[in-house]
Amino acid sequence: MAMSLPQLGGAGGPHTQPSLPSLPAHLQSDTHLTAHLASRFHVSHPTARLSSHALISLNTYTNSSKGPDGGKEGSAMAGAEEIADRAFLRLGHRSENQAVVFLGESGAGKSTIRAHLLTALLNKSSTPLSTKLSLAAYVFDSLTTTKTATTPTASKSGLFYELQYDTSATTNPVLIGGKLLDHRLERSRIADVPTGERNFHVLYYLLAGTSEAEKSHLGLDGGSATGTTQKRWKYLGHPTQLKVGINDAEGFQVFKNALRKLEFPRAEIAEICQILASILHIGQLEFETTSQTSVTGDDSGGFSHEGGTTITAVKNKDVLSIIAAFLGVSAADLQTTLGYKTKMIHRERVTVMLDPNGARAHAGELARTLYSLLVAWILETINQRLCAPEESIANTVSIVDFPGFCQQTPTGSALDQLLNNAATECIYNLTLQNFFDRKADMLESEEVSVAATSYFDNSDAVRGILKPGNGLLSILDDQTRRNRTDMQFLEALRRRFDGKNAAIEVGSAQAKLPGSNFMTENTSAVFTVKHFAGEVDYPVKGLIEENGEIISGDLLNMINGTKSEFVARLFGQDALQTVTHPNERTTVMQATVSSKPMRAPSVMSRKTHRTGRPSTAYKRQQQEAMEELDQQSQAGESKKNAKMTLEQGASGQFLASLDNVQKAVTDPGTNSYFVFCLKPNDRRIANQFDSKCVRMQVQTFGIAEISQRLRSADFSLFLPFGEFLGMTDAETILVGSERERAEMVIEEKQWPQNEVRVGATGVFLSERCWMEIAQLGEAVSVSGRYGGLPSSDAGDGLTPAESMAFGASKEHLVSGGNTPLMYGEKAKGGYFTDDTRSEAGVSAFGGGDMFKNLDTREQMAERGNEKSLEEVEEYRDKPSRKRWVALVFFLTWFIPDFAIRLIGRMPRKDVRMAWREKVAINMLIWLMCAVAAFFMVGFPMLICPKQYVYSSNELSSYDGDKGSKGAYVAIRGFVIDLNAFIPNHYPGSNLVSEDTLLNYAGKDISALFPIQVSALCQGKDGQIPPEVTLDNRNTNITGQPQLLASRDIDVNSVYHDFRYFTNDSRPDWYFEQMYTFKHVYLKGRMGYSPKYVKKLARDSSWNVVTIHGKVYDMTKYLQGGLRLKAKAGKPTPNIPGATDFMEDSVVQLFRSAKGQDVSKYWDNIKLSPVKKQRMETCLNNLFYIGDSDTRNSTRCQFATYFILAISVMLASILVFKFLAALQFGGKNVPENLDKFVMCMIPAYTEDEDSLRRAIDSLSRMKYDDKRKLLVVVCDGMIIGQGNDRPTPRIVLDILGVSETVDPEPLSFESLGEGMKQHNMGKIYSGLYEVQGHIVPFMVIVKVGKPSEVSRPGNRGKRDSQMVLMRFLNRVHYNLAMSPMELEMYHQIRNIIGVNPTFYEYLFQIDADTVVAADSATRMISAFIDDTRLIACCGETALTNAKGSFITMIQVYEYWISHNLSKAFESLFGSVTCLPGCFSMYRIRAAETGKPLFVSKEIVEDYSTIRVDTLHMKNLLHLGEDRYLTTLLLKYHSKYKTKYLFSAQAWTIAPDSWSVFLSQRRRWINSTVHNLAELIPLAQLCGFCCFSMRFVVFIDLLSTIVQPVIVMYIVYLIYQVATNPSVVPITAFLLLGAIYGLQAVIFILRRKWEMVGWMIMYIAAIPVFSFGLPLYSFWHMDDFNWGNTRVIAGEAGKKIVVSDEGKFDPNSIPRKKWEEYQAELWETQTQTARDDVRSEISGYSYATKAQGPFSEYGGGYQPSRPGSTAGFGHQNMSRMSLAHSEMPGNRASQFGGSQFFSPEDLVGMPSDDALLAEIRDILKTADLMTVTKKGIKQELERRFNVPLDAKRAYINSATEALLSGQL
């Protein structure tokens, strides 16, 4: 049969041929096909065809719906519609599933063609359902499409869009549903937008399309975070990306309306927008490193080192509050969660304390999780509303569109790039299979031969990447599941692919760095995959972690408490696959968002019979395989096995979903079409064709090979002969078999050979030929079924959707874990009649505000802060508490409660009460400060008011000479500043020079200013003649300044003489001049002491008296100093009585009582008020000479000496402190001691260097190693900032404990809220060897219950102390113990070999403290010397003294606080603060054994859990070590606490201001509250007034009044600076004595460096004594209050409620040691009887519980033994100090030790075998060089097993053989 290719195009040039296979054979190369495409492109024909199977579309970067003539004919849209028509015809007439697969690079226009195709398909069913399906596609694109460097609409998620049809009733398929399956959204883009690209479009839609009211609600109005006009959003890239030609505002409206038409309620749309806004705000969070200034609410209190804990906090709290409100959580919880991250490391939960960069990444994880879950929820909700039940779906049309091949990843995510390229590789392989291999088997079975066509086969790459089990993605998933490292993954790839697969090359895991001769780990290692589109290098660094895509349990735990139902639904959907704790199924450890869709293609999940399949053997085999696959899929999905979530990472899930796509497309019942989208150029230039660019794409996709294949075999269908003949109306051909008749028909049709072939049982046809015989031309509409089958009756008027009830079908959902309801209810299911749903609900959203009538952001925030509380305790307030509360309300009554709640933002009543208490305490403190200030300044001024008076001698000292204090003069009792007046003297130096004026300085110049008597005095009659004059007194007498005599008239007086008789009379001139002097230049008044006034009257006969503090002199008046003087030229008038103008009674007073204070007489003088007023005016203006000087009066002397007495008393305390510091003599050398001591270190997040220094310093102490026990308590599984391992692992590595030792966690009581009182811990023990010291140790690791996700086990330093205190308390009182305490007892007694009761002392240091080698010895010596000593501390110095200015100012303060304050308190045997960083306590009394430090009262008070008042918070959360000392003084008042300067340690002081401020706030406030606790105690010892109570009171008072003291010093300095004549000598002498005595101390101790430190300390006094106290007092309530609170109950009771649940003490079983020991003894004895091998007798003892449950309940797996040997009988026998009552080897049931476990003995060689081999080795070994270690290594080589567990036996056997004992 001749082959001919029909011309499918019309007449014209070559470009008119749209079908590439129709071109001549010589034009079938890449170059020629590219040229052909170019010729079509240039005439606006951007499409071509590969027969009927595929469309080739070139992106014109213009309107894709316009063809060459302006219509759609010839356009890309027309090509897509043609494919839609073909698919729809095949769907309706053959009931085949249809699939359209898109291929092309990014920017080739796949999304556009896909949209045209979908529109064309949906237009064939113009119903509301089709509209919804179209809108669903728009929603998908909005959520998953972005703008990249190559295209403005780049899809970043694989799409499998399934349109569901019912084809059972008619050849016109009925659209009944749809399904959107998204595959692997590019999540890395959310938090890391590439430069020059955009994030997903919907985020920009939200920002551009919301109204102002909506923006305000969402916090998008730019009012927060920055002060700039345009806010830069981190997650939206560069601001230029907001304006790139995309109409985002319109897009948002369409998006919103699409959701509404898809039946999303308005509230849900608003919630969606809030989540999107939250994601934007998460990008705005700014983090900083700070110090935790307050104890967290669920913490027991205390800090494990000086200062505080370094944490990461959010800077912009306003942004944080917006996010928290929308997520329905509290802002504090959100900040805490972002600052920590919990991981699983070696099967342990570990919380990492993140730095700001880590917190930023954690916030990015939250953003990615929110967006991924939101997309998954929206799509699943759409699917629930649009997807038809599987049983009703007859056929489907699937659109497959995955992102294009990616040569380089813009987001930096190697995983996204790998999975993306894996998908393109798979889809390309599907394409090749469809054209080259799909019909090959059937052609062969039908005995049809087709000429082979060569093509590029990417099967190697597909197998290498996608093969289940050992493909690249499977290996990546397997390595992720096994927690392998990146390098281990690389090695796994090498073993799998090296030399076995040409498509994958594995790079080297090691590399030689420049300048190095050694191979090191290659941090830039890659593996290379040869994809069909080119080679790509994939870095392995971080790939394993990225593939895990772990969402930390912290985020899940936070969201678990959300008050937002919508957020709960997001995190409750199956897309979130959770991993639960193996022992606590309700606890989610971590999770991941699924990388595969929640549904499978209907082809994969439908069990109905697929019609239209040929019944050949091959097809039957395929059908059976598919049905079997369906059954397996259904069974696997129905189980909903949570293990799936544990088994599969992102690559495994994506591989499974890709496999579903592959099987759906290659299903025998599926007909596939392909759309090749090509870019005409790389620069996105419209109408420009780059031949090189296009040829590369044609070559990459193998279009030339496909075209050649179609030229030889273009078969689309296989029709059995009967069906074929029935369709061709071949009844007229009556002769021949079916085959012959078919051949005759084909010959008659003259179809080309490549489109039709006759096989053994049927005919292979192209789609064109089939359409011809089926009479399906362009205008053909066939209503019936082909093949003569009767059509169903569809005349009932109902669509299939209407004729059946659609329920929620979830059979096809992929399992999402076994806890779908953890975060809320499942999403609503169900779908109702598709075409009858009203769309009237789609309307405007609240008039431009979709949040109208919904909760405001403030309401959301308030709801997020609410906690679900449960009653846990009931109690009554103590009377003292009631009295205090009454006082608080009395002091703060004027502050209304609502003001505190609203303005202070304190919704909780207990927090408001604490704030009131703080205010009340501050008021009391300031009252005391005011009293102190009053006594220092106000009291002397009140008793002796300050007088501005000058005696004659003082005035004379102001003579203006060099060295004098100034130039003052006196005028009628008033002292004037001459220096100030001279510059303003009129008429200036022209008349009287300045020197002349200065000659008057220091003198009384009253004579210079003659007075007009009549102008200054009205006399007794109301008028005095103007001629009356009064001479001025000459006061030039002994002891007085040189004054001008009245008779020696000064020549300058004439310038001031304006009396009546002069020619220039000015009566008021003197008054006016004096007014100016008094108000401008007045410095004071002349002062005359009462004694001196009497002397003047007695010795000089002055008529001088004192009236109300004023001194008057009437001597001249009485001695005739008055006369009349008329104007020149006029006679002197004779006026009787003119010079007698004063009342006789007044004159008589001066005569009879001169020298006396006549105030009383003056008050009783018999004058009318008018006359008395006149007389007083005359006295003041004419006879006043000064004030009474009382500065040396008795009253003033009392005020001075009263203050001096107080100063002396305080100075005496200073002297005692000085003497106390001196009384310590030199250091004596202590003797060797035999007391047992526990050395405890509480560890939290310290670095390895600090921990090692602390541990080594304790181990190297000069004290018998076997009598000290090193106890390290690790407070939780936490990785501190800067650490690479959790703190417990660091400690265990230092101590040499192998990672293989993993004891069972055991329960014990902790200090926490509610259920957090139940904690679990692990016990490790062993020997630590350092510098010749071998010290037994025990490590207690608090790991927390399985239900604890964040910071597991962490309860605070006080709880760490209580672990040991409670244990020792129960040991000494023989009380029942918890499982962990029993294990501690066992480890100490049977492993370490010392009875716990033997330990007498507890030595406690911090993890950053280093102790001197003799410190423990000196402290224990003091305990032995004084049996009444209960506790002591030593001197603590700084190791980082020169670290910063902050540390420098603390050096001297540390030194004097010990050597003065503590030394002084030690005199009385009551040191009020024993620092937790360096103290030793007496556990029990030496004589009686009575518990002291661990007595019931102290343990009970110190373990207080209910810390709900301000006082208790300050006691237990700020100064737990000081409170512990307070309890010792309170309950053991007969015992002493001392300070030993000979014991020394060094610690690290805060080196930053924030940490220093935090530390001092805690110290100052705890000091105030602890001293307040001590003052009421009646048992405080002491003698006379120097009792301990007095010392405590002085300490408390000095702490409180520090700010006033500083202010007083400033006041003194000001006084000296402003008035040099007044120097408070006493005050400065005291200040000098304070520091002088301190200097004496460090000089005597030869601490010369303290001179410099003292100067720095003095400079910092304002900080220490003023700034810090003020800050501390006001921040007294600065706490994280947790969620436990107190509410009022009935009958005056208080109810404690907590969100941590109620703790049941019975949940922790307890046993006495004797009972526990008896059980162990019985079990051990039985085991020893049954076990032949005594070496492992400890094994069955340790695993005596045969059932599935632990001895202590809880349903956990039986524990495994942790250790079976103690210190070893040969080498460590000296350690067996206490008799062991355990038979056999010492073994731990639960604890871990560094020796070996019975598990390690399984499979070990026997001792006899080892001994024989050792003999053999020693026979040939060089005995001069052989070592035990070498023998052990040789034995391990021979037996091929590690022999660490047999080390002790090997060593002892070797010694025995060498010594001849064996």
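All residue numbers here begin at 1 and follow the chain in the order shown.
Using N, Cα and C of the backbone, Cβ positions are placed for all residues, glycine too.
Copied over from Swiss-Prot:
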type	residues	note
DOMAIN	1-778	domain 'Myosin motor'
DOMAIN	947-1009	domain 'Cytochrome b5 heme-binding'
CARBOHYD	ASN63	N-linked glycosylation site
CARBOHYD	ASN123	N-linked glycosylation site
CARBOHYD	ASN429	N-linked glycosylation site
CARBOHYD	ASN483	N-linked glycosylation site
CARBOHYD	ASN522	N-linked glycosylation site
CARBOHYD	ASN560	N-linked glycosylation site
CARBOHYD	ASN1036	N-linked glycosylation site
CARBOHYD	ASN1063	N-linked glycosylation site
CARBOHYD	ASN1192	N-linked glycosylation site
CARBOHYD	ASN1459	N-linked glycosylation site
CARBOHYD	ASN1565	N-linked glycosylation site
CARBOHYD	ASN1771	N-linked glycosylation site
REGION	1-26	region 'Disordered'
REGION	592-643	region 'Disordered'
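Of the listed glycosylation sites, namely ASN63, ASN1063, ASN1192, the sparsest CB environment within 10 A is found at ASN1063. Between the CA atoms of ASN483 (N-linked glycosylation site) and ASN1459 (N-linked glycosylation site) there is a gap of 55 Å, rounded to the nearest whole number. Note: the domain 'Cytochrome b5 heme-binding' (947-1009) comprises 21 helix, 13 strand, 29 coil (DSSP; helix = H, G, I, strand = E, B). Nearest to ASN560 (N-linked glycosylation site) in space, judged by Cα atoms and limited to the glycosylation sites ASN63, ASN522, ASN1192, ASN1459, ASN1565, is ASN1565. Distance between Cα atoms for ASN429 (N-linked glycosylation site) and ASN63 (N-linked glycosylation site): 31 Å, as a whole number. Ranking the glycosylation sites ASN483, ASN522, ASN1565 by how many Cβ atoms sit within 10 Å of each one's Cβ puts ASN1565 at the top. The glycosylation sites in question are ASN123, ASN560, ASN1459, and the one with the fewest Cβ neighbours inside 10 Å is ASN123.
Summarising model confidence by region, the domain 'Cytochrome b5 heme-binding' (947-1009) averages a pLDDT of 87. A helical conformation is recorded for ASN429 (N-linked glycosylation site) in the three-state DSSP classification. A distance of 79 Å separates the Cα atom of ASN1063 (N-linked glycosylation site) from that of ASN1565 (N-linked glycosylation site).
For ASN123 (N-linked glycosylation site) paired with ASN63 (N-linked glycosylation site), the C-alpha to C-alpha distance reads 20 Å. Of all Cβ atoms in the shown protein chains, 22 besides its own fall within 10 Å of the Cβ of ASN429 (N-linked glycosylation site). Across the fold, the C-alpha of ASN1565 (N-linked glycosylation site) and the C-alpha of ASN1459 (N-linked glycosylation site) stand 22 Å from each other. Taking the Cα atom of each, ASN1459 (N-linked glycosylation site) and ASN63 (N-linked glycosylation site) are about 88 angstrom apart. When the Cα atoms are compared, ASN522 (N-linked glycosylation site) and ASN63 (N-linked glycosylation site) turn out to be 50 Å apart. Each residue contributes its Cα atom, and for ASN63 (N-linked glycosylation site) and ASN1192 (N-linked glycosylation site) these two points are 107 Å apart.
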